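J.: My questions all concern the structure below.
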Amino acid sequence: MQQILDNIAAQMALETDRGKVADYIPQLAHIDPNQFGIAVATPDGQMYTAGNASTLFSIQSISKVFTLTIGLGKLGDGLWTHVGREPSGDPFNSIVMLEHETGRPRNPFINAGAIAVVDAIMMGHEPKEILGEILQFVHFITDDESIRFDHKVAASEMEHKDRNASLAYFMKSFGRLKHDVDKVLGTYFHQCSIAMNCQQLASAGLYLVSNGVDKHSGVRVINEHRARRINSLMMMCGHYDGSGEFAYRVGLPGKSGVGGGILTIAPGKGSIAVWSPGLDHIGNSKLGLKALEMFVQETGWSVFAQ
Ligand code: GLN
């Protein structure tokens, strides 16, 4: 495994076409695209890393996996009255389907869906309480209390919130959001601003590798059916309108973020986190996808083969 990761990191260091760093969040615009990290955590407690695997980055939309888990824990199947579970085939920040579907977002991984999940889990509470809960959850699944929000990134998104605010107000106009839009958005932007490195992120994914059980403590995080369903959603919707391409090239459930990270789950085998800040035209990490494609070719890990 170590050899495979070293080879991938060496290969990625040679790549010249590294994609474009997200600049619609100004705080992310000056991140050096010449970075690449990969980490693999296995259920028996091993951790393998290569490249910039201990450099912190903004997990952005990968956080939507964690809030979905919290949402399902709190509301059970009632969560699906707030959000659907179908691929959208549209960009992550698209508004078009919301009008046809009366403000109910297609799935929890597009921005509108993640905003609806935040509104659902707020249940009348203040943003601070919900953010405390989200961070506590992340600390628990990583067994690492050093993980924090990056308030500068959250503030930067709040300053440039026009698109996400449009999505939120549009949903609110259909009676879909119950809380104050700015409170929901402030919570959502903080959730997205969580800073983690590849090792922490790979470690965070282990509960989805192990049927919902946290491997650090042996405690069940979520029931087996839900863990399986979160993996299904990651496979179908985790890369927005690039989900088909990701399934074709990687064949594992994955969730990307515009910070350049991708969390990928190989059930029973391991959790893989990759990070490279340059994005493709869809907003997914360009080298991250390439590296994962190499990784599955080398390891044979796939949900479609034994
Ligand atoms: N916080 C980002 C946004 O709302 C998340 C997008 C992403 O990572 N795809 O635009």
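Glycine residues also receive a Cβ, built from the backbone N, Cα and C atoms like all the rest.
Positions annotated as substrate binding site by TrEMBL: SER61, ASN111, GLU157, ASN164, TYR188, TYR240, VAL258.
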J.: Give me the long-range Cβ neighbours of VAL258 (substrate binding site): same chain, 6+ apart, Cβ under 8 Å, in sequence order.
T.: ALA22, ILE25, LEU28, SER58, GLN60, SER61, PHE92, LEU279, GLY283
J.: Quick one: which of the binding-site residues (SER61, ASN111, ASN164, TYR188, TYR240, VAL258) have their CB closer than 6 Å to ligand 1?
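T.: If the test is a Cβ under 6 Å from any atom of ligand 1, the answer is SER61, ASN111, ASN164, VAL258.
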J.: Identify which of the binding-site residues SER61, ASN111 has its Cβ surrounded by the largest number of other Cβ atoms within 10 Å, counting every protein chain shown.
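T.: In terms of Cβ crowding, the pick is SER61.
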J.: Fewest neighbouring Cβ atoms within 10 Å: which of the binding-site residues TYR188, TYR240?
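T.: Fewest other Cβ atoms within 10 Å, among the binding-site residues TYR188, TYR240, is found for TYR240.
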J.: Near the Cβ of ASN164 (substrate binding site), how many other Cβ atoms are there if near means within 10 Å?
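T.: Cβ-Cβ neighbours of ASN164 (substrate binding site) within 10 Å number 22.
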J.: Mind giving me a neighbour count for GLU157 (substrate binding site)? Other Cβ atoms within 10 Å of its Cβ, every protein chain shown.
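T.: The Cβ of GLU157 (substrate binding site) has 24 Cβ neighbours within 10 Å.
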J.: Return the maximum Cα to Cα distance in Å (whole number) over the record's substrate-binding residues: SER61, ASN111, GLU157, ASN164, TYR188, TYR240, VAL258.
T.: 20
